[in-house]
Amino acid sequence: MFSTSLRVFVIYALTTLLQTANAATPNEWRSRSIYQIFTDRFARTDEFNTYCVPGYRGFCGGTWQGITNKLDYIQGMGFTAIWISPVVQNVADSARAYHGYSATNLYGLNSNFGTAGDLKALAKALQSRGMYLMVDVVANHFGYDGSAYDVDYSTLNPFNQREHFHVNPICFIEDYANQIEVEQCWIGDGDYPLPDVNTTHPTVREGFSDWLKWFIPEYSIDGLRVDTVKHVEKPFWPIFNYASNVYNLGEVLDGNIQYFCPYQNYMDGLFAYPIYFQITQFFSDPSATSANLVRAIGDMTSECKDTTLLGSFSENHDQARFANYTQDMALARNIIAYTMIADGIPVIYQGQEQHFSGGADPYDREALWTSNYDTDSPLYNFVKQMNAIRSMSFTKSSSYLAWKQTVTYSDGHIIAIRKGEANSMTLMVTNNLGEGAADYNLNMPNAGFATRLKVVELLSCREVNVDQRGGLDVQIISGLPSIYYPQYLLPGTGWCGY
């Protein structure tokens, strides 16, 4: 007899094969790059640069129509998908509804962001540009205006019975080392409750499936970002993933690789939090060494089902921004280069391209209109370069997207990562030396390229020959990252005059 876990694995494998041809599959998402939008803070319909107090917990006026109006800004960086905040109807309390994670009605919309017509118009505008729409969703909990001990469950939709929630008894998470508590107790507190959904209940599982089968086609959604995945029992997720019939990218907020990776056996992809913690530590501090990051890269590759389907990120709406740790622009370029070129689907959070520096939630949710959507800012153009390099890499090499990264060189402060076959690979060399560092020359043995191949460093256009033993002369200028690529693949691309 199959064990429960094995049965779930079999169901997941079979249902993945049964996805219909018109769905945006995980494999199709591999080639995408995602721009994360915090809807309330991205763009207003009236396009006024209304002041929004940093750290304000409430609505500042961002809308779906505002996003539609600013798609040129996003596409100008080379992004091929956007991820927007949850869209469903939320509690009346604006302090808990502006972000969208306190749902009361899955079949309604958050009217502060616009109408159903506005959301559909956004989806249509994206389709006309060949871009994908990813929407944030929450299965773990709902929201409620009132006490946790006096919830009127009949006001929630579609789960409107007490038995649809974990209430025997109501508890709040105190010990995150206790997985049962993490899954069955509530996030929040008694005064600002987030009723925890009983996702083991058959009616709840059927209700989520029914909703997804309506929701996804209704708004032409191509993918889902799934909140609070570790707070729900694992066997629920294959059911949810299959019902959505699109790529699911889940949040498992944990740095422990042995805890983190098994969740990918139940969901298409996950945000690579174990790597996020390591790259933030390494790139924000020139005194840090690379050993922990190198070890994490190897462990993730061996432990996770498929690192090429993970979400590669270095900022989001829940964590302090990178520039909150350091204002060093060379280090900012290095962490963005890693985010864009390393394994996974790259995700850049709005404002990262403008070097926003907000602290932890809610200070990392700044209004983007304060930047005047500057397309001449240094990091806007650097992100554009990184997107172009990644697109060229997978266009020229059919193995690039599914190729799992390999660390070809590391010392205390420099890491070189290879993606692709020896004669068509992309080599990323990053460091944490900082913008004040002296220029540095390194003879890198066994860089990974085929011997005697001529390669070009794409950011400086310097040409160099790989030696007869596979070694490469690398220059690190002012602490900046570098990207090496075969010269023979460049003609017709426009890079470096080719």
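Yeah, the Cβs are placed from backbone N, Cα and C, and that goes for glycine too.
TrEMBL does not curate its annotations; it predicts them automatically.
Going by TrEMBL, these are the annotated features:
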type	residues	note
SIGNAL	1-23	signal peptide
DISULFID	Cys52-Cys60	disulfide bond
BINDING	His141, Arg225, Gly255, Asp318, Arg365	substrate binding site
DISULFID	Cys171-Cys185	disulfide bond
BINDING	Asp227, Glu251	Ca(2+) 2 binding site
ACT_SITE	Asp227	active site, nucleophile
ACT_SITE	Glu251	active site, proton donor
DISULFID	Cys261-Cys304	disulfide bond
SITE	Asp318	site 'Transition state stabilizer'
DISULFID	Cys461-Cys496	disulfide bond
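Taking the features listed in TrEMBL, we show where each one sits on the structure.
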residue	record	Cβ within 10 Å
Cys52	disulfide bond	21
Cys60	disulfide bond	20
His141	substrate binding site	23
Cys171	disulfide bond	14
Asp227	Ca(2+) 2 binding site	20
Glu251	Ca(2+) 2 binding site	22
Gly255	substrate binding site	13
Cys304	disulfide bond	25
Cys461	disulfide bond	12
Cys496	disulfide bond	16
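Following the DSSP three-state reduction, the secondary structure of Cys261 (disulfide bond) is helix. The record assigns His141, Arg225, Gly255, Asp318, Arg365 to the substrate site; their largest pairwise CA distance measures 23 Å. Take the CB of Cys261 (disulfide bond) and look out to 10 A: across all protein chains shown you find 20 other CB atoms. Around Cys185 (disulfide bond), a 10 Å sphere centred on its CB holds 18 further CB atoms from the protein chains shown.
For Arg365 (substrate binding site), the Cβ neighbour count at a 10 Å cut-off comes to 24, with all displayed protein chains included. With respect to their backbone Cα atoms, Cys60 (disulfide bond) and Arg365 (substrate binding site) stand 11 Å from each other.
Put plainly, the binding-site residues Arg225, Asp318 were compared by Cβ crowding within 10 Å, and the winner is Arg225. Here the candidates are the recorded positions Cys171, Cys185, Asp318, Arg365, Cys496, and by Cα distance the one nearest Glu251 (Ca(2+) 2 binding site) turns out to be Asp318.
Gly255 (substrate binding site) is 37 Å away from Cys461 (disulfide bond) when you measure Cα to Cα.
Per Cα geometry, His141 is the residue among the binding-site residues His141, Asp227, Gly255, Asp318, Arg365 nearest to Cys171 (disulfide bond).
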